[in-house]
Amino acid sequence: MLGLHVGTLMISLFLCILLEPVEGSLMQPCQPINQTVSLEKEGCPTCLVIQTPICSGHCFTKELVFKSPFSTVYQHVCTYRDVRYETICLPDCSPWVDPHVTYPVALSCDCSLCNMDTSDCTIESLQPDLCMTQRVLADGMW
């Protein structure tokens, strides 16, 4: 009976090793994709919804089975390699508020460590098109 269990375990392990590259290849690679994003600012009653390229996709990563308090785990994420910034003017802002908002436009992406200065590195962040105020579509959207 033990031989049957060990044999089944070995077959399962073999299939996991064999199919691992297939599973990774079925996932979208790290690349720029068009995403609906909301732009808003305190003092402006309107949330402007635009489409812009962001970085999204799968990055291959490994984690040690045996963890040591002396080892550091580095997780690679899909993040900006080359980026350009664009500025847009929000409508109906209060007179004392600068209506301009600057946002990143992904030109190319890379699997690398998350840079907290330019990226949201949280496990679960807000959706990129979430608005706290009234939504308005930017010209040319849909």
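Keep in mind that glycine also has a Cβ here, set from the backbone N, Cα and C atoms.
Here Swiss-Prot annotates a disulfide bond for C111; of C55, C59, C89, the partner residue is C59. Only one of C16, C109, C114 is recorded by Swiss-Prot as the disulfide partner of C55: C109. Here the candidates are C16, C30, C44, and Swiss-Prot names C44 as the disulfide partner of C93.
Reviewing C16, C30, C131, the cysteine that Swiss-Prot connects to C78 via a disulfide bond turns out to be C30. In terms of C-alpha distance, the listed disulfide-bonded residues C30, C55, C78, C111 place C55 closest to C47 (disulfide bond).
The subset of disulfide-bonded residues (C44, C93, C114) lying with their Cα within 10 Å of the Cα of C30 (disulfide bond) is empty, i.e. none. Of all the disulfide-bonded residues given, namely C55, C59, C93, C109, C111, C114, those whose Cα is no farther than the 10 Å limit from the Cα of C78 (disulfide bond) are C55, C59, C109, C111, C114.
A separation of roughly 10 Å, to the nearest angstrom, links the Cα atoms of C111 (disulfide bond) and C55 (disulfide bond). Under a cutoff of 8 A between CB atoms, and with a sequence separation of 6+ in the same chain, the neighbours of C59 (disulfide bond) are C30, H76, V77, C78, C111.
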